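Reading through the structure tokens given below for one structure.
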Amino acid sequence: MQLNPAEISELIKSRIEGLGVSADIRNQGTVVSVTDGIVRVHGLSDAMQGEMLEFPPTADGTPSFGLALNLERDSVGAVILGEYEHISEGGTVKCTGRILEVPVGPELIGRVVNALGQPIDGKGPINAKMTDVIEKVAPGVIARKSVDQPMQTGLKSIDSMVPVGRGQRELIIGDRQTGKTAVAIDAIINQKGQNMTCVYVAIGQKASSIKNVVRSLEQAGAMDYTIVVAASASESAAMQYVSAYSGCTMGEYFRDRGQDALIVYDDLSKQAVAYRQVSLLLRRPPGREAYPGDVFYLHSRLLERAARVNADYVEAFTKGAVKGKTGSLTALPIIETQAGDVSAFVPTNVISITDGQIFLETSLFNAGIRPAINAGISVSRVGSSAQTNLIKNQSGGIRTDLAQYRELAAFAQFASDLDEATRKQLDRGARVTELLKQTQYSPLPISLMNATLFAVNKGFTDDIDVKKVLPFEHGFHQLLKTSHAALLETMEKNGAKWDVKPAKPDDSAEKQAFKKVCQDAEAELLAAATSFKKSFA
């Protein structure tokens, strides 16, 4: 077959004209090395700090992602989020152009998820309508509102001595096995019916411990308003490091929409250790205790996101959909100390960032005083302004009495002869200590808490044997529940503005009427306590 040269040229022309050239520009690189979940990638010239990188999928087709943390001249250091055994040298890595995001919204409530927001409770997929970035800038000074609403934990010793407000950061610190998690779980359980969404972030704990916490929350009905973010000890250091930020983003969803949320980080010591591990593997220079130089920033940027935001911020964020409402995210970070050393690097960092600390002591815990709160060094820097008047009126001298009692008790064991005033103070302190004991998973409403503190302040427990103080309290509470339900309801309803001071001539009629209600309620409480004391054997 012979082709005409003219036909050949026409054929070539038509082929050239019909050729579709499309250029797909992608920023991709090559894996240089993989070690302990740390991947060094060459060629990602446009990668951002904290950007998600796409790695080759696993054998079953599950996508693999990493987090770009080190941006160097010739390479990028990244941590793999999840399994990394299938990634090998020479593999292709692509930039996604996105910062790490997790699902947020009410769809997550009642679920147990991992650090990436993926369900791990076997209850099926989560159909969240939104995702949000895990790293955010905390609200500025102008967007914030002062803390003036209480966040009741239901624990007598905390709500009376170291009260926590909505939007506060209150550190729970102590050695291992001193009841730190128990305090946080009780606080979550006590939020039932308080319009508070809770987030519990478990970092570096045993899977069995996390399972026990979830079971306790389910039994108390607290999973109806709680999200559990779990990064157990079996997961990679990267997942443990990221989990706290993921949980914070889930809590911020509610804060920014004019709702109240509580987040528990259990615990930040393990997060700091995970971050140290990642940093050392990335060859970052170590500092004090081998932590990297930015370990303070690790926790400060996380805890500063817990805040109470004003109505203008909420209105601007929701574009006018929510008006006149403030939002709050209250944080209860937990730090584990070694042999009570609060001056170690991470504990001092977090103490300086937070608005107070609840210090749990091993010696008190072993002596059966639970929660084992040391009244001397536990403090709340902003919570007193958020404390309800009902509790504030009764708890004024409790903390001082308890701190002085512990000091006196230490000296009294060496003294053979004590004066009457000292002996009275020791007796009173022993009874207050006994009354502040509380079993786990039994938070108290403010009305019953007030009744307990009232009985102490009025001296009803002074001549009762120390071993009978708790039975006295239990019996008194039962009497109030059965015979004085209306009184308890009055205290619950009016507790925030409670006022028993004598009425002034310039008080409005409404204020005078309110004071009369409070005074009558206190008189009824006094009569009930007097009557019960006579019948108590």
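Glycine is treated like the rest: Cβ placed from N, Cα and C.
Summarising the annotation, Swiss-Prot assigns ATP binding site to GLY174, ASP175, ARG176, GLN177, THR178, GLY179, LYS180, THR181 and lists sequence analysis as the type of evidence. Residues or ranges marked as site 'Required for activity' in Swiss-Prot (evidence: sequence analysis): SER378.
Overlay of Swiss-Prot annotations on the structure.
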residue: GLY174; record: ATP binding site; CB count, 10 Å: 27
residue: ASP175; record: ATP binding site; CB count, 10 Å: 18
residue: ARG176; record: ATP binding site; CB count, 10 Å: 11
residue: GLN177; record: ATP binding site; CB count, 10 Å: 12
residue: THR178; record: ATP binding site; CB count, 10 Å: 26
residue: GLY179; record: ATP binding site; CB count, 10 Å: 19
residue: LYS180; record: ATP binding site; CB count, 10 Å: 25
residue: THR181; record: ATP binding site; CB count, 10 Å: 22
residue: SER378; record: site 'Required for activity'; CB count, 10 Å: 23
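Reduced to three states, the DSSP call for LYS180 (ATP binding site) is helix.
One way to see the shell of the ATP site is to take the Cβ centroid of GLY174, ASP175, ARG176, GLN177, THR178, GLY179, LYS180, THR181; the remaining same-chain residues with a Cβ within 8 Å of it are GLU336, LEU360, THR362, PHE365.
Taking only the Cα positions, the spacing between GLN177 (ATP binding site) and SER378 (site 'Required for activity') is 18 angstrom. Cα of SER378 (site 'Required for activity') to Cα of GLY174 (ATP binding site): a span of 11 Å.
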